[in-house]
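Trainee: First the structure, which I've put down as structure tokens, then a few questions once you've had a look.
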Ligand SMILES: *Cc1c(COP(=O)(O)O)cnc(C)c1O
């Protein structure tokens, strides 16, 4: 019997424009809905399901962990925290880690670090440089750091202390901050996700590193979406050969289990002292096991090189097939974080592609976003192209918006 799914749920708050589809289970890069229809997963739970669905090694480790301990409290040492923190330090060359559960929490901690860094040196009204197109989360502080006016609407007064500048323009940044002694940090996504898959250039990231050193500012890189191997390096800023002072992580770190982290360099490692910050769920044994196993399996299975290779394959195929299609503005991104910008809003593609058996998202109104599991095979990438390209062509051939 086919279950009919209403667009809105009677008891769940209506905070998302949900499709009338209810998911049941998944395996690898496939998911099935409650009616048994299969979908290829080009979305990965929004860059979360690093290892796809029901990865046998992860399932086994998590089952074992659940039987042992899910949660205790940060009143005690959690051995998994030391293990995952040591691994993150090894992968970044940074100094230490604070654990939380989500992206906005990691960013909230970063913003608190930027403020206390200021207060510790006598700046009582610290300000942080943020960017046009930025998305940092939905808490009051992180939505204030976010650029999108739709995300601000209805939630003022916004948190003060942000200076917003355009992407990839060091001169504009210099000018906007000239003589401002209150700046304590620059905060950006190495590749903007929700803003429409906009990369910061390697040159710009290097210039920011130099500027932050010159001015004694913290370089804070939000790797919540673009980090954890997605671009073919552990963290997207590593393509620029730089190191941040503060790096928030979440999404892909636990391969579906909520795990957030803030990795800090020596410059930021001791800003928080006991009592300055905390969170009940942060660093619990289940979350730590998910993070440890995700990173371990990624290494064992060579998923960084794989993501780079399959990502290039996918991007090349999309560029080749969409290059001369009128209405396609650009195909961009790196590794398995890709955006296809159209010349008009294309939200309807969400439902149409789902009907055709492909999950993806549309962000910044007119950018089709692909952030699949990093285990995506070349054959599955070809399948994405085979479903998506005709949908885009069909959509663009309809009446101009
Ligand atoms: C998703 C995202 C966040 C917010 O993460 P949540 O876990 O949804 O709070 C923050 N920054 C970036 C770059 C993101 O993509």
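Including glycine, each Cβ sits where the backbone N, Cα and C put it.
As listed in TrEMBL for this protein:
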{"type": "BINDING", "residues": "135, 222, 223, 224, 225, 280", "note": "pyridoxal 5'-phosphate binding site"}
{"type": "BINDING", "residues": "138, 279", "note": "N(2)-acetyl-L-ornithine binding site"}
{"type": "MOD_RES", "residues": "251", "note": "N6-(pyridoxal phosphate)lysine"}
Trainee: Scan 222, 223, 224, 225, 279, 280 for binding-site residues whose C-beta lands under 6 Å from an atom of ligand 1 and note them, or write none.
Mentor: 222, 224, 225
Trainee: Helix, strand or coil for the residue listed as 'N6-(pyridoxal phosphate)lysine'? Use DSSP.
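Mentor: Where the residue listed as 'N6-(pyridoxal phosphate)lysine' sits, the three-state DSSP reduction gives helix.
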Trainee: With every protein chain in view, how many other Cβ atoms are within 10 Å of the Cβ of residue 138 (N(2)-acetyl-L-ornithine binding site)?
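Mentor: Looking across every protein chain shown, the total is 14.
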Trainee: In whole Å, note down how far the CA of residue 223 (pyridoxal 5'-phosphate binding site) lies from the CA of residue 279 (N(2)-acetyl-L-ornithine binding site).
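Mentor: Computed Cα spacing between residue 279 (N(2)-acetyl-L-ornithine binding site) and residue 223 (pyridoxal 5'-phosphate binding site) is 20 Å.
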Trainee: Between residue 280 (pyridoxal 5'-phosphate binding site) and residue 138 (N(2)-acetyl-L-ornithine binding site), how far is it from one CA atom to the other, in Å?
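Mentor: Cα to Cα, residue 280 (pyridoxal 5'-phosphate binding site) and residue 138 (N(2)-acetyl-L-ornithine binding site) are separated by 19 Å.
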Trainee: Which residues in the same chain, at least 6 apart in sequence, have a Cβ under 8 Å from the Cβ of residue 251 (N6-(pyridoxal phosphate)lysine)?
Mentor: 46, 47, 48, 103, 224, 225, 227, 228
Trainee: For residue 222 (pyridoxal 5'-phosphate binding site), name the DSSP secondary structure in the helix/strand/coil scheme.
Mentor: strand
Trainee: Considering each pair of residues in 135, 222, 223, 224, 225, 280, all listed as binding pyridoxal 5'-phosphate, report the largest CA to CA distance in Å, no decimals.
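Mentor: Between the outermost Cα atoms of 135, 222, 223, 224, 225, 280, the distance is 25 Å.
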Trainee: DSSP three-state call for residue 135 (pyridoxal 5'-phosphate binding site): helix, strand or coil?
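Mentor: Its secondary structure by DSSP: coil.
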Trainee: What is the one among the binding-site residues 225, 279, 280 whose Cβ has the most other Cβ atoms less than or equal to 10 Å away?
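Mentor: The largest 10 Å Cβ neighbour count belongs to 225.
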